[in-house]
């Protein structure tokens with residue numbers, strides 16, 4: 001039976017990638033980067049202290065990426081026949097690393113074409129790109145295992161994607177167990193949010209980010225129950241749920257600022273609700289399946305990887321701190337660059353990763369990790385640096401599932 005495809009999640013991924021681009025354009029402005037205070041009534045106040053902040057909520061968009069990754073990567077291992085773990089690991093690592101390495105080549109080229117030099121009046125974020133290009137820094141950027149540099153700063157989030165990908169069997173096991181033990185799923189969800197809160201309070205990055213993927217795995221394991229709960233909702237109820245989700249996603253503009261140890265778990269919970277909306281809300285699904293949504297969604301990983309060197313180069317060449325200018329010129333350039341990158345790098349890497357996975361997996365199926373009762377057939381901070389402010393991929397029980405690109 002052909003796998004069911006939830007194309008709206010591709011569109012959602014594309015929206016999140018565009019939000020990250022807008023965020024980085026905003027970071028070129030000292031007032032939005034936090035270099036100077038924001039005066040009430042100033043345009044920056046409207047951008048930062050009202051719900052308009054949702055349009056450039058970059059960190060929260062990365063949380064959404066993490067929840068989506070947890071959902072998508074877990075699904076194939078919760079159905080029979082399960083993919084081979086021997087094929088999964090090389091396929092996944094090739095899928096991640098080849099585009100990352102190519103994006104670093106692009107970043108190095110732009111680094112030399114448009115030298116990054118600190119200048120008075122520029123934001124700290126733009127000036128932070130005035131850094132020497134060293135072998136040690138490049139090795140860390142290429143490996144994604146410890147810390148990353150400002151050469152292509154969104155790569156910080158790919159570090160956590162790699163760690164999650166390596167730890168996927170643990171997540172799958174917990175998700176499968178949550179289907180066997182009554183009420184374990186909500187307990188695990190609260191525990192994961194609690195770990196994120198603990199990570200924020202102790203400044204422990206892995207505790208902040210790795211639990212976010214876990215919410216996606218739980219949603220994958222319980223998508224049928226969630227679907228039964230949400231599918232019959234009326235339009236007004238979906239509207240209310242989306243308002244609540246967005247309020248949770250972005251708390252920085254609320255009258256009383258919320259501490260990170262509370263705000264971040266709330267944002268992750270809101271991101272999970274947004275994913276639910278794009279799974280089950282007819283209106284959200286239609287928006288996610290618009291042709292333009294699908295086009296940008298398929299290229300969202302490429303856009304995420306190449307946009308930042310483009311925007312920084314533009315800010316350096318124009319010597320401007322005006323985010324409207326950088327966004328107005330930079331967004332079309334970044335989208336064009338992502339289209340070229342997708343055609344020349346990401347799509348071929350995707351095909352090659354599948355070939356590598358088949359070569360190692362041999363078409364075999366895993367017989368471990370998921371307890372039999374749970375396997376009923378079913379359809380982007382670098383160490384030593386401040387916590388990053390920017391990044392950077394449910395069906396009837398009788399059908400296999402494909403959600404967007406399986407390797408994302």
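Using N, Cα and C of the backbone, Cβ positions are placed for all residues, glycine too.
Unlike curated entries, TrEMBL annotations are predicted automatically.
The model shown is predicted, which means the values in this text are computed figures rather than measured ones.
Residues or ranges marked as domain 'Acyltransferase 3' by TrEMBL: 7-343.
Per TrEMBL, the feature transmembrane segment maps to 12-33 (among others).
If you look up TrEMBL, you'll see 53-75 (among others) marked as transmembrane segment.
Tertiary neighbourhood of the transmembrane segment (96-114): same-chain residues 133, 138, 141-142, 144, 151-152, 155, 158, 161-162, 165, 301-302, 305-306, 308-310, 312-313, 316-317, 337, 341, 345-346, 349, 352-353, selected by CB-CB distance under 8 Å and a gap of 6+ residues from either end. According to TrEMBL, the transmembrane segment annotation covers 96-114 (among others).
Residues or ranges marked as transmembrane segment by TrEMBL: 155-174 (among others).
Tertiary proximity for the transmembrane segment (181-199) is limited to same-chain residues at least six positions away from its ends with a CB under 8 Å from its CB atoms, namely 174, 205-209, 211-212, 214-215, 218, 221-222, 261-262, 264-265, 268-269. The feature transmembrane segment is assigned by TrEMBL to 181-199 (among others).
The annotation transmembrane segment is assigned in TrEMBL to 205-223 (among others).
The transmembrane segment annotation in TrEMBL covers 235-254 (among others).
For 260-280 (among others), the entry in TrEMBL reads transmembrane segment. With a cut-off of 8 Å between Cβ atoms, the residues of this chain six or more beyond the transmembrane segment (260-280) that come close are 6, 8-9, 11-12, 59-60, 63-64, 66-68, 71, 193-194, 196-198, 200-201, 208, 211-212, 215-216, 219, 223, 226-227, 230-231, 233, 238, 241-242, 244-252, 288, 394.
Taken from TrEMBL, the feature transmembrane segment covers 301-319 (among others). Same-chain residues lying 6 or more positions outside the transmembrane segment (301-319) and placing a CB less than 8 Å from one of its CB atoms are 14, 17-18, 20-21, 24-25, 28, 99-100, 102-103, 106-107, 110-111, 113-117, 119, 122, 126, 129, 151-155, 325-326, 329-330, 333-335, 337-339, 341-342, 345-346, 380, 390-393, 408.
Positions annotated as transmembrane segment by TrEMBL: 325-345 (among others).
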